[in-house]
Amino acid sequence: MASRTITTSYAALDTRDGAGVRLRRVLGQRPDQRLDPFLMMDHFASDEAADYLAGFPDHPHRGFETITYMLDGHMLHRDHMGNEGHLRPGDLQWMTAGRGVIHSEMPQQEAGRMQGFQIWLNLPAALKMQPARYQDIAAAELPRVPLPGGGELVLLAGHLRLADQHWKGPIQSPHTDPFIADIRLAAGERLTLPLPSMLGALLYGFEGEISVGDHMLPKGQSALLGDGDTLSLTAGNQGGRLLVLAGRPLNEPVVQYGPFVMNTQAEIERAIMDYRAGKLV
């Protein structure tokens, strides 16, 4: 089996979103910088309350799904459907915007560290106008896979077969087969994972250093992977941690206007008109 190698690497982009939340845009910095079926990934991480207190007040979405993974801190989700969900360390939120959702994500702390990820996962054209839905997944429900060298893999989405065992993540989508994993490796630890060639894949290092072959991925760097069936990782002297993002491409047109992601400009214009007329949801 061929091992995947890094084809392109780049630094995450410092920016602000919501009402001024400071974050790093890992994926989706430009319209041509996506990894089909993923549209965007943000990493928010700060010990300074001023960087996150403004939060993400009410805002709309249409045409895709969001996956929010909390590492530190406490956020509260509310939406037009009446859902209310608390996100604490290790918790996961899966929201399908479908034809439309209006929601907010607001900090529930005034000090301390806030850290997590938000990922935008595209929907196929046939499902973009499905009803919205929302699901909270507690940290205790996530498969935690102990690794032989002392590290750990937390499986957020997809399936993993390792050492004759099988794990299933809580997020499953037969249309895009997403595989999302939070991998922490101990100092010098090596790990080889199956990662089918049909899935486009990206790595994002956010603690320490991890190498893919001869290519070292430092903290704050993203890397696109080439073809192959496996992923081989080696941690540096201080260990390392990264997020793996992989999925089967939809190969459909993508037209985006802010929080709306559709297939044609006409569909985007309809989303804008629906929102302005109070008909999005």
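Glycine is treated like the rest: Cβ placed from N, Cα and C.
Please treat TrEMBL annotations as automatic predictions, because they have not gone through curation.
The Fe cation binding site annotation in TrEMBL covers HIS59, HIS61, HIS103, GLU105. The C-beta environment of HIS103 (Fe cation binding site), restricted to residues of the same chain at least 6 apart in sequence and closer than 8 Å, consists of ASP58, HIS59, HIS61, HIS77, ARG78, ASP79, HIS80, ASN83, MET95. Taken residue by residue with DSSP, HIS103 (Fe cation binding site) is part of a strand.
Look at TrEMBL and you will find 21-121 tagged as domain 'Pirin N-terminal'. Predicted-model confidence for the domain 'Pirin N-terminal' (21-121) is 96, expressed as mean pLDDT.
The domain 'Pirin C-terminal' annotation in TrEMBL covers 181-280.
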Site of maximum Cβ density within 10 Å, from binding-site residues HIS59, GLU105: GLU105
Tally of residues which DSSP labels helix, strand or coil - the domain 'Pirin N-terminal' (21-121): 3 helix, 62 strand, 36 coil
Check: same-chain CB within 8 A of Fe cation site center, minus HIS59, HIS61, HIS103, GLU105: PHE56, ASP58, PRO60, THR66, ASP79, VAL101, ILE102, SER104, PRO259
DSSP helix/strand/coil residue counts for the domain 'Pirin C-terminal' (181-280): 12 helix, 55 strand, 33 coil
Cβ packing number for HIS61 (Fe cation binding site), 10 Å threshold: 24
